[in-house]
Every structure is written in C-alpha cells, then in structure tokens.
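Colleague: Sharing the feature lines straight out of Swiss-Prot:
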BINDING   H272, H332  heme binding site
TRANSMEM  21-41  transmembrane segment
TRANSMEM  106-126  transmembrane segment
TRANSMEM  139-159  transmembrane segment
TRANSMEM  171-191  transmembrane segment
TRANSMEM  212-232  transmembrane segment
TRANSMEM  268-288  transmembrane segment
TRANSMEM  304-324  transmembrane segment
TRANSMEM  326-346  transmembrane segment
Amino acid sequence: MTTMSRSFGRSDLANGAHRDVAVWLLACCFMVAVMVLLGGLTRLTHSGLSMVEWEPIRGIIPPLNDTDWQLFFEKYKQTPEYIKVNAGMSLAEFKGIFWLEYIHRVWGRLIGVVFGLPFLWLALSGRIGRAMVPRLAGVFLLGAAQGGMGWFMVKSGLVDNPAVSHYRLTAHLALAFLIHGWMFWLALDILADHRSTRRRAHGDVGAVRSWMLGLTGLVIVTLLFGGLVAGLKAGLIYNTWPLMDGAIVPKDLFPEGFHSLFEDIKTVQFGHRTLAEITIVVALVGWFRTRARLGTQTPAAIHAVGLMALLQVGLGIGTLVMVVPVWLASAHQMGAMALLTLCLWALHDLGRRI
C-alpha cells in the first residue's frame, strides 16, 4: 500500500461510507473529463472568445430574447477576434459559437456544485475523517482557481491579438488534469482502504513501479507540450510523419535559443513529436519487460497502459497527417487524459503490491 494510501486509515471513513465517497469522486472525475472535452471543442471551433465577460453568478443566465442576444453580440463586435477575423459575422453565426462556450462555462459551475455541496455534507456529518477534509478542500480550491485561470486565459485573447496565450491555455489544461488526477487517486485510496488488502507479487514489482513512475512523468511532460502545440496551432504545419519538413531532425530548430522550445512553432511541434515517440518506446519496452518479469501476475492496469499508449500515438499521428480535424483532435486530447489516468491506476496498484 502506498504512503498516501496508509495516511487515510480506516477511521477516515465511517459507517461504511467508503464506496459512496469513492463513487462520488469518480463521478466528479467523469465530469472533469467532459469539461476537458468541451474545452477542447471550444478551442477547435474557435468559440472560446465569444463571451467577453466573466460573471460567476449572473453568467449562468443565457440570452433569453432578441434584445439580450443583440447586447451580447454588440459586446463581441468590440473584440479583436470580430474585428480582425469575423467581421461581418451574422447573429445566427454568433449564436453558433456562443452556445458552446456558454455550455463549457456552466458545466464548470455545475462541477463546483456537484463537488462542493456533497463535500460540505460529508465533512459536517462526520462521514469522512479529519485527515481527508484538507485533501478534499484542496481539490475544491483548485477547482475555484481553475475558474479564474479560465478567465485569465480568455482575457489574453481580448486584447490586440485575437488568440489566447498558449502559456495560459497550457496552464488551464494542466490544472484540469491535476484536479482529475488528484480526485482519481483519492478514490483509489478509498477503495483500497475499503478492501483493506495488500497483494504480494514478484520481487521485481519495485523496478516495475519505478518504470511506471518515469513513464507517468513522460506522459505529463508530453501532454504539456501538447497544450503548447494547441495554443500555437502548431499542428497545422508539417503534417507528415515520421519525417518533419523532409527530415527526422528538421533544420532551423531553436532559432532564438532555449526560448524557442516554448515559443517557436516548429520547435514546439518537434518537441511534442519527439516526446511522444520517446514515450511510446518507453511504454512498450516496459510493458514487454514487465510481462516477462511478472508473467500472469502482471496487473491489468499495466496492460491497459500499454494498449492505450499504442492507441494514443495512433490518434496523434492521425491528427497531424489529417491536419487537425475536430473529432480526431478531440479524441487525441481525451486519449491523453485516459493514458494519464491509467498510469495513475497502475502506479497505485503497484504500490499496493510492494
């Protein structure tokens, strides 16, 4: 059992509440995954700058009549995106981009309610112990920060250049993955404590867990570079694989030194591609070696990670060579979340076998 798992203790969840709390956390994980999907669709359909104000309470109410719609549309007409990109857009076209951004924002508020109210009830009713309260409170605070980060990102696209900061977009994405991953890990801890068992396996489990820890780190860095690629629209160029600009290592990388790794479109795409290629090699080699070491005792989570890594690299290559179709790019983004989630599952499971 992992150190984090042990820290909860059987007293942290009273009266048989283990499974209920775990199911609630997993439901919140699912809602965050849907939120990430909606956010990706909002970005890919260029809908994210259609709402130019952030009103956490009043913003729940959408335009209800023609007057309301005209008011929202007139505000949008003052933005750089309308002036430089969408000049002449009709009200009907504006409604098309508005609704997706609106749903994205309201879904975020709904997550806050679905997480916050049960958390208060669980804490006040004593159904969770003191050790868990600060952990769940931390998740709630991260969720609140995520709302602010979302608006901080949108604001960057409402001044001069009609595109959000790729740094802020990546931070917004990273926070979503952090919230999702933290809740998932807590749910696994609760379920492991409920079962109250430790499974013994082959002595090589420690080495396998070290490999999985390294792979998880690679997945995280790769998905962060994926956020930079998305923010810079770097997937719209050099749409070939395995060659990039006619070479394995293209010319003119790092034109401005180290900063190019985060700001030059060509270098950023190369970084993401290279990290993805390293990740799939590490995943497959580790998967095969684990099967050789542990045989039939290989955890199901390890097999799931290997298969998902294969699928994810296929989704990434397809997204690139097909020049970022919305449906495939969305699948690739969700594949990243699925792969990270499976890595966390594998890490947790391996920790209980040591």
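Note: Cβ is positioned from N, Cα and C throughout, glycine not excepted.
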Colleague: With contact taken as 3 or more Cβ pairs under 8 angstroms (pairs 6 or more apart in sequence), are the transmembrane segment (326-346) and the transmembrane segment (139-159) in contact?
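Modeller: By the criterion, they do not touch.
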Colleague: For the transmembrane segment (21-41) and the transmembrane segment (304-324), decide whether they are in contact, meaning at least 3 CB pairs lie under 8 A, counting pairs 6 or more apart in sequence.
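Modeller: As far as Cβ distances go (cut-off 8 Å, pairs 6 or more apart), the transmembrane segment (21-41) and the transmembrane segment (304-324) do not touch.
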Colleague: So how many other Cβ atoms are close to H272 (heme binding site), meaning within 10 Å of its Cβ?
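Modeller: Result for H272 (heme binding site): 24 neighbouring Cβ atoms inside 10 Å.
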Colleague: Under 8 Å Cβ-Cβ from H332 (heme binding site), six or more apart in the same chain: what's there?
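Modeller: Counting only residues 6 or more apart in sequence, the Cβ neighbours of H332 (heme binding site) under 8 Å are G226, Q312, L315, G316, G318, T319.
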